[in-house]
Amino acid sequence: MSKFSFNIHHQHKKARNGVITTAHGEIRTPAFMPVGTRGTVKAMLPESVAETGADILLGNTYHLMLQPTAERIARLGGLHKFMNWDKPILTDSGGFQVMSLSKLRKITEEGVSFSSHINGDKYMLTPERSTEIQHLLGSTITMAFDECTPYPATFEEAKTSMQLTTRWANRSRNAFVKRDGYAQFGIIQGSVYEELREQSARDLVELDFEGYAIGGLAVGEGQELMFKVLDYAPDFLPQNKPCYLMGVGKPADIIGAVRRGIDMFDCVIPTRSGRNGQAFTKYGTVNIRNSKYADDNEPLEHDCLCPACKNYSKAYLHLLVRIGEILGAMLMTWHNLTYFQNLMSRIRKYIKLGKDFDFDS
């Protein structure tokens, strides 16, 4: 079994192109991870997701612990077998969903107690339990349990939250079962305060995680402020380990973040937008519901090799989406995921060539 490793093959200014080696295969970086929240990327077969060029996808601890439960997935052979995906899987810690979806949640030093958004049952999620769940799922990359600092937050609020995340990171690291080819990433917090981001990074680097994530961004602060944080935050982290920007997926944000040293991304934007009838193209976004496409016999993009573009017109996609046919959601999602993987491929090529990303997203 391969050991977990990150090799940077090319670098252009702060942008890096490399390969992460794991027990479940290699991840070309910079990488975009489609989100498979409940063990599936919505409207896609797992093999179709692989055909778009994805090397890794993301699963969600919170949702899988509620249904069908981590213990059941473990009994059935683990998440890879359960969902028929043999490439790497990264699971988030569940912390963000607990904070955003659950009512009557209570944060203490021990963890977060909350009621299920499905049936109201009460649960307790701690750093140890989150890490155990991800181990039961068989996650290739496990995330440390953290508190995603809300925005806006005062300096003192952000400091208190960051310090809790640091203590939880210690407990997550102690609970992690180290195995060849598997990894655990720590998450730095600190909101928009450079001093706090630096302290968070310093504390987590001491724990020697296999990789690091920057959390607490894309929560309402806007692109300008996010880029300001990214101008310094990746520099606080080890340059020989992957750097993951959580929950960021707009093409322009990805390009700007790669320029600042980010290696990994995840976001629901391509899948959610696809189901809602919005396609990403190199000419800009297309709202296929618009009546102007009812008689448009051209594909979304002429040089795109996805099934939606190779086989169907905008007029047909317009019809499917307008009448709510499942095929419409499937084809639009397939196209968007292909677009995002093509974007990452182009970025990797430009880094390899030592060129600035002067193409439109």
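Every residue, even glycine, has its Cβ placed from backbone N, Cα and C.
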### Of Gly111, Gly120, Gly211, Gly216, residue recorded by Swiss-Prot at the substrate site of Asp92, Ser93, Gly94, Gly95, Phe96, Asp146, Gln189
Gly216
### Query
Given 16-22, 198-204, 247-253, which one carries Swiss-Prot's region 'RNA binding' label?
247-253
### Task
Pick the one from His318, His335 that Swiss-Prot also lists for the Zn(2+) site with Cys304, Cys306, Cys309.
His335
### Task
From the ranges 36-40, 271-275, pick the one that Swiss-Prot records as region 'RNA binding'.
271-275
### Query
Measuring Cα to Cα, how many angstrom lie between Gly95 (substrate binding site) and Cys309 (Zn(2+) binding site)?
38
### Assigned element (helix, strand, coil) containing Ser93 (substrate binding site), judged by DSSP
coil
### Message
Checking the contact step here: among the recorded positions Asp92, Gly94, Phe96, Gly216, Asp266, which have a Cα within 10 Å of the Cα of His335 (Zn(2+) binding site)?
### Response
none
### Summary
Using DSSP three-state counts, the residues of the region 'RNA binding' (247-253) come to 3 helix, 0 strand, 4 coil
